[in-house]
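> Residues or ranges marked as domain 'Cobalamin-independent methionine synthase MetE N-terminal' by TrEMBL: 16-319. Here TrEMBL flags ARG28, GLU29, LEU30, LYS31, LYS122, ASN127, ARG525, CYS526, TRP571, GLU615 as 5-methyltetrahydropteroyltri-L-glutamate binding site. Per TrEMBL, domain 'Cobalamin-independent methionine synthase MetE C-terminal/archaeal' is recorded for 436-758. Feature annotation from TrEMBL assigns L-methionine binding site to ILE441, GLY442, SER443, GLU494, ASP609. Marked as L-homocysteine binding site by TrEMBL: ILE441, GLY442, SER443, GLU494, ASP609. Marked as Zn(2+) binding site by TrEMBL: HIS651, CYS653, GLU675, CYS736. Taken from TrEMBL, the feature Zn(2+) 1 binding site covers HIS651, CYS653, ASP666, GLU675, CYS736. The active site, proton donor feature in TrEMBL is assigned to HIS704.
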Amino acid sequence: MRRTLSVPRTVSPFTATTLGAPRIGPHRELKRAIEGYWAGRIDKAQLESVAADLRAQTWNQLTAAGLDSIPVNTFSYYDQMLDTAVLLGALPGRYTDLTHELDRYFAAARGTAEIAPLEMTKWFDTNYHYIVPEIGPSTQFSLNPAKVVAELEEAQELGIAARPVIIGPITFLALSKAVDGAEPPIGRLDELIAVYATLLATLANHGAEWVQIDEPVLATDMLDDAADLARHAYNVLGDLSYRPAIFVATYFGELTDALPALAATPVEAIGIDLVAGSASTVAVVPELANKTVVAGVVDGRNIWRTDLQSALGTLASLLGSVAHLAVSTSCSTLHVPYALDAEPDIDAVLRSWLAFGFEKVTEVVALAKGLTQGREAIAGEVAASNGAIASRTSDPRLHNNDVRERLASILASGLTRGQAADRRKSQDARLNLPVLPTTTIGSYPQTVEIRKARAALVAGEIDDTEYTNRMKAEVESVIRLQERLGIDVLVHGEPERNDMVQYFAEQLEGFFATANGWVQSYGTRCVRPPILFGDVARPKPMTVDWATYAQSLTDKPVKGMLTGPVTILAWSFVRDDQPLADSANQVALAIRDETVDLEAAGIAIIQVDEPALRELLPLRRKDKDAYLDWAVSAFRLSTSGVADATQIHTHLCYSEFGEVIGAIADLDADVTSVEAARSHMEIVGDLTAAGFANSIGPGVYDIHSPRVPNTGEIADGLRAALSAVGPERLWVNPDCGLKTRKADEVEAALRNMVEAAKQVRADA
Ligand code: GLN
Ligand code: ZN
């Protein structure tokens, strides 16, 4: 049943929108409901009603704020890539026996006792994790539009100017993983375009005037032929005679040659991220004179208030080059907290510098008004924005001269330690460890007692002293456990840390924490990133008491545990008024001071974790070297203040190093632990081949699974590693921290690990 619309179609243009909105609920209502459903506390109908209420609330708020086109289908029970896999009939066969649709969906997201979940990985360079679809020879795409159609109808019934949002075919395939020997999924673009064609007709049938198709991959170097693929896909979809108007949204970077390619296709609108990229790219593409350009001038992924005057200037500069200009956030506001009104305790000055999701929408509306009615129409808003910016630039907390001077002088004197071989000699003499020393990555299970104590402290039922005493009891029990197991290098277990970044941010000047600034990290997991707003200083030691207490309980060495500068930045909202490299160095200086204090307190081994080193890697190849330079240099700044006899460890949470492998060697840590169990120790050889000559602790078992590894398989892994490095360079440890595991699993697994190390030592 195909109706024909006239082409060029007559659609009403929109002027103010956002690319997507947070969905977990202003008070994490969705998280609670989903976890309640998993635990059997509520049923499907109750879960659906919480979700529908949240959707209606979001759409009504966006409409009331003044947006004239509202994104729908940006809601998700877990993740939008997983939703897209379901939409396209691309769930792997192992889930098809689960007949209950919602349970099948959650099985793909999280696994069941019998079936492995899909993998999860970072969404571009954000802290959001998406579910990675698997595309194999048996994947048969088919359209399953129930969710997007239901949300469209739901919004239409509420009188919302709804614009369905779907992830585009190029991005979907580029982010999917080939399985069972299949070729790279992008080879199946034509098949998928046919499915999208049917989807577009379906959405037109349901009265969608506009559809937003997200293609962020076009702003990256993930595909070599992105421009050609874009030209092809959107010529085919654009040429369809029966479809809604198409808005191709891109974000997180500049488009380069994909922009003229898209502009030459029949799509009606193109979204450009003008926070990450520059407006000058628009004027040089003559075809944009026939398009709506959706200008992402309000930063959708950081929390700073927009400089309205400068954004208006950017918008004005575009007017002559495009047919119609709409204002938008640069990307979905999924990446920022809901609204500032949930933060009554932030001091008024700081607060005036900020814009969370809701405030960003009001900025978009103001800018659209300024654009259509003239600058005078928003004179009040511009004045307030100028005032906030003036207050921020002149705030004394942004400039700490002591910190800047000390930093300059340390940087000038160089960040090198002694030669690795000399360090090893002094460390061996001091530590006296066996070959193949055993250790763990830092955290031990967050037990019920720990959680109870933390809740009681927050509720005011116990005081700081009582809380500290309870945490000390935990430390003692973790030390005793490690002694019983015969581990060589101990840790204190990190019970006092809510989060490995927040814990440090709370103790550093220049950061502040929000009370309710929750952002979805993946599924129902939410994080509250600290806000880095000023120069960073460390008023006093942060971890020394814990480390020395733990060390006082045992004769074995206890590692001091710190989070590295790159990871602290990666998991915070960062200041946008100076290069990231400068902020990294300031954090690094604070960590360096901490290492020096730990050393002075007698701690012989200090671990500086950098699990986020790879995820901050820029999306464009041309920017990567500069990033790795400053990231490595910040790490070295944080670790080069100690004597050669103090052993520096680092931990990286992944095994596919790819473009960062050279940087790992440049970090020059004495010992580097990495994830390796799932990739069968190949990483040991890869690292050695890349010139890495220090010690390595390839994770000998996967801590992400409750399964207890047996001694034989751990010993086999160690022997495999020994074929790539000599015994004097090999450490024995799990893949990552143990905080998500149960105490009995941890004890059993570590017992087998220590036993395996003994067996392999005997014949090494
Ligand atoms: N030391 C941290 C822990 O063990 C490291 C966590 C991580 O790698 N993300 O929990
Ligand atoms: Zn880890």
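Positions of Cβ are set from backbone N, Cα and C atoms, glycine also.
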> Return the residue, from the listed binding-site residues ARG28, HIS651, with the maximum count of other C-beta atoms within 10 angstroms of its C-beta.
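It comes out as HIS651.
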> Return the member of LEU30, LYS122, ARG525, ASP666, CYS736 nearest to GLU494 (L-methionine binding site) in space, with distance defined Cα to Cα and candidates limited to these binding-site residues.
CYS736
> Using C-alpha positions only, work out which of the binding-site residues ARG28, LYS122, ARG525, GLU675 is nearest to SER443 (L-methionine binding site).
GLU675
> Long-range same-chain neighbours of ASP666 (Zn(2+) 1 binding site), Cβ under 8 Å, sequence gap at least 6?
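Residues satisfying the criterion: LEU628, VAL632, ARG636.
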> Which residues, in sequence order, are found in the same chain with Cβ within 8 Å of the centroid defined by the Cβ atoms of ILE441, GLY442, SER443, GLU494, ASP609 at the L-homocysteine site, excluding those residues themselves?
THR440, VAL491, MET500, MET561, GLN607, HIS651, CYS736, GLY737, LYS739
> Should CYS736 (Zn(2+) binding site) be counted as helix, strand, or coil on the basis of DSSP?
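It is coil.
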> Suppose we draw a 10 Å sphere around the Cβ of ASP609 (L-methionine binding site). How many other Cβ atoms does it contain, all chains included?
25
> Using DSSP with the three-state reduction, classify ILE441 (L-methionine binding site) as helix, strand or coil.
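ILE441 (L-methionine binding site) sits in coil per DSSP, no helix or strand.
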> Determine, using Cα-Cα distances only, which of these binding-site residues is closest to ILE441 (L-methionine binding site): ARG28, LEU30, HIS651.
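Answer for the nearest of the binding-site residues: HIS651.
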> Would you mind checking how many other C-beta atoms are within 10 angstroms of the C-beta on CYS736 (Zn(2+) binding site)?
26
> Considering all pairs of residues in ILE441, GLY442, SER443, GLU494, ASP609, annotated in the record as contacting L-homocysteine, what is the maximal C-alpha distance expressed in whole angstrom?
13
> Between CYS653 (Zn(2+) binding site) and HIS704 (active site, proton donor), how many Å separate their Cα atoms?
11
> Measure from each Cβ of the recorded positions ASP609, CYS653, HIS704, CYS736 to the atoms of ligand 2 and list the residues where some distance is under 6 Å.
CYS653, CYS736
> For ligand 1, which among the binding-site residues TRP571, ASP609, HIS651 have a CB under 6 Å from it?
ASP609, HIS651
